[in-house]
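K.L.:
Okay, so Swiss-Prot annotates it like this:
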- 1-37: coiled coil (COILED)
- 25-67: region 'Disordered' (REGION)
- 25-39: compositional bias 'Basic and acidic residues' (COMPBIAS)
- 54-64: compositional bias 'Basic and acidic residues' (COMPBIAS)
- 85-117: region 'Disordered' (REGION)
- 107-117: compositional bias 'Basic and acidic residues' (COMPBIAS)
- 157-200: region 'Disordered' (REGION)
- 157-175: compositional bias 'Basic and acidic residues' (COMPBIAS)
- 176-190: compositional bias 'Polar residues' (COMPBIAS)
- 191-200: compositional bias 'Basic and acidic residues' (COMPBIAS)
Amino acid sequence: MNLEDYNEKLKLLKKSVQDIKIRNRNLLKQEAEEKEKGLKPRVYSMHDDEDDSDEKRSSDEQSDMRTNLFQYTVQDFIDWEKRQQRKKKSKLESKSGMRLQHLAKNTYDKELQNLPRPEFKMKAKETQFRINKDSGKVNIKDNKELVQRLSQNLKETAKQRYDSNRKIANDKEHTSLSGSINAKNLQFNKSLDDDHEAEK
């Protein structure tokens, strides 16, 4: 086959594509007209099968879905894909380290709120600050007592959280390894194991 034959085939394919598009539009128009006609109240007999009405409903739903699908543009589809990717990304971030960062920030903010403000009010004259020549930012010296109290409170909170998590982990480990709920249950399980080994 030479180039002219391929060119002819391409023209035929393009023409068939256009014919199919026209046929699809006509079918959609017919379905829409039938649907409008179908909205009029109908008279049903008592002996009509419910299955027939279910089939009609499902065919109507399918035609509605088809017409809705033709109303979306490529740009709508691209936007929808981007939204789906953002949702997946946000789910992954919330499951991983973002949750811990959020917890750390909330803990820090709580500790700052818990610091007593009236004791450490500073007067404008006492405030010492410098302007950084490179960045142009203002550097203010923090009150050492406030910083130490904040660090002490954060350490206490972290220790409490660590102790509670360790206790929970130990409880889980103890019950899962031994398979017993309390000391009596543990003793009973050991006697059963001993009896079972003695029978062998």
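Note: Cβ is positioned from N, Cα and C throughout, glycine not excepted.
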K.L.:
With a Cβ cut-off under 8 Å, give me the same-chain residues at least six positions beyond the ends of the compositional bias 'Basic and acidic residues' (157-175) that come close to it.
P.N.:
107, 111, 181
K.L.:
In terms of Cβ proximity under 8 Å, which residues at least six beyond the ends of the compositional bias 'Basic and acidic residues' (25-39) contact it?
P.N.:
60, 63-64, 66-67, 70
K.L.:
What is the average pLDDT across the coiled coil (1-37)?
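P.N.:
Taking every residue of the coiled coil (1-37) together, the mean pLDDT is 87.
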K.L.:
If you run through the compositional bias 'Basic and acidic residues' (25-39) with DSSP, how many residues end up as helix, strand and coil?
P.N.:
14 helix, 0 strand, 1 coil
K.L.:
Per DSSP, what is the residue count of the compositional bias 'Basic and acidic residues' (107-117) in each of helix, strand and coil?
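P.N.:
Final tally across the stretch: 8 helix, 0 strand, 3 coil.
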